[in-house]
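Copied over from Swiss-Prot:
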type: DOMAIN; residues: 23-94; note: domain 'KH type-2'
type: REGION; residues: 201-246; note: region 'Disordered'
type: COMPBIAS; residues: 214-228; note: compositional bias 'Basic and acidic residues'
type: MOD_RES; residues: Thr223; note: phosphothreonine
type: MOD_RES; residues: Thr226; note: phosphothreonine
type: COMPBIAS; residues: 236-246; note: compositional bias 'Basic and acidic residues'
type: MOD_RES; residues: Ser241; note: phosphoserine
Amino acid sequence: MNANLPISKKRKFVSDGIFKAELNEFLTRELAEDGYSGVEVRVTPSRTEIIIMATKTQQVLGEKGRRIRELTAMVQKRFNFETGRIELYAEKVAARGLCAIAQAESLRYKLTGGLAVRRACYGVLRYIMESGAKGCEVVVSGKLRGQRAKSMKFVDGLMIHSGDPCNDYVETATRHVLLRQGVLGIKVKVMLPYDPKNKIGPKKPLPDNVSVVEPKEEKIYETPETEYKIPPPSKPLDDLSEAKVL
């Protein structure tokens, strides 16, 4: 990814999108066991900063920062960055239960460990709702029982499926797990709560959201009072020059 070559805006947007998609796929493969939950790319004039979101940041960093240095070297070589022009950081996910990617990975490991599908899905569903989500949906499809493939859907709370608010409120993650009977597909959708501080959810309210303002408490007067204020006494004229002549 050479930033020195002049390219059109259209090609630049496409190039940035491909770079982020390939980087996300690479980190998903490398950090699958470390709770990888997404990546954010910040481009500055001097260098490119890559923030890796994960639930186990200590494992991403490695002993004395060895792992993060190895990842930096691999990304630098893969995407043709100059030395010192790229920097990788690890950031801990604020609310693990509200991250669809983290919960999809958690469900994948539960199914790999031999836990029953229904029990594993209900465990993930309960954990997401206890973390403060407005709603969630878990779909597992494949050869669940017998040789015929089918899908099981588990839903709790409120979930929106269309409209622009989906882009802000709904997080989606898809994963695949290879079991003895075949490959199972996992899809997790989490609807985030409204948060004016923009920490665990979007600060933009839903279009149909109605907020009721509590009325102010009225002051109870025990004795008659008046709001009439006595005007201050007029200032005496010490100097005749201040007097106005009619």
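Yeah, the Cβs are placed from backbone N, Cα and C, and that goes for glycine too.
Confidence for the domain 'KH type-2' (23-94), expressed as mean pLDDT, is 86.
All protein chains considered, the CB of Thr223 (phosphothreonine) has 4 other CB atoms within 10 Å. Secondary structure by DSSP for the domain 'KH type-2' (23-94): 32 helix, 22 strand, 18 coil. Secondary structure at Thr223 (phosphothreonine), taken from DSSP and collapsed to helix, strand or coil, is coil.
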